[in-house]
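Okay, so here's the structure we're looking at.
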Amino acid sequence: MTTPAWPRLPHPEIAVVPTLLLGWVLVQVAGAEGIPVKPYNLTWKSTNFKTILEWEPKPINNVYTVQISTALEDWKSICFSITATECDLTSEMAPNVQQTYLARVISLLPNSTGFLEDAVYSNSPEFTPYQETNLGQPKIESFKLVGTKLNVTVRDTQTLARSNGTFLSLRDIFGKNLQYMLYYWRSSTTGKKTAMTNTNEFLIDVDKGQDYCFFVQAVIPSRKDNKKSPESITVCTRLEKGKFREMSFIVVPVILVIIVVIALFLLVCKCRKAKARQSGKEGSPLNIA
């Protein structure tokens, strides 16, 4: 494969041995002499297509400008004369996440205008968001356990990638290439079972009357690296027990009230009967033999 002919600065890049110790020494010397410090350790940080370029060192007497390009485009400046050591390049990649990008960090003196001969810069590694962005932690949107069927729905994660002004979800971008793995087990055991789907929904057979725990993981099998996401939060079914507990909070007090009412009613009736018998005895004539 032919290496893309990336746009270049009109002056040669100064070679620096990429070691942390030498980099620190050069930073101190450059800072003392008022020379722009050459950036190093350029690293891409990307999750669900939110992409940030990071580098070192923190500036002393210099500022940074970040540029980005593709093999077929000129360099475009994004972050101008900043003192931070990171630049968010998401918006530049969002319209075409399958393109391969190259960035460079240019170090300048604070009062420099334009790209002068004393500016120094470093190129980033090439980066293709579609292949290299990390998959974020998925979220279980809903679940339902009915009889012997467990239905689990995974939330369709939205990203900052877009097409025709519309933001895309992971499913929009990867289609059937995005799969989810469900790990599930009876809450009373530890042995896990798995199920795979290329949609966002699972419907699996389970044992009736048992509670289950489960989590999901996003997977892109076609990738060489970064195939799997972190595991989602583990959740467990408690639907039937939950309903029983909710009903008990209502039914038990009602039953107690009914029992009290019945007891009071019986007590009142008993008192009335006793009073009636007492009145009858007092009104009867004496019987003298």
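Backbone N, Cα and C atoms are what each Cβ position is placed from, and that goes for glycine too.
A disulfide bond in Swiss-Prot ties Cys213 to one cysteine from Cys236, Cys269, and that cysteine is Cys236. Looking only at the recorded positions Cys79, Asn111, Asn151, Asn164, the one with its C-alpha closest to Cys213 (disulfide bond) is Asn151. Across the structure, Asn111 (N-linked glycosylation site) and Cys87 (disulfide bond) place their CA atoms 21 angstrom apart. Of all the disulfide-bonded residues listed (Cys79, Cys236), Cys236 has the fewest other CB atoms within 10 A of its CB.
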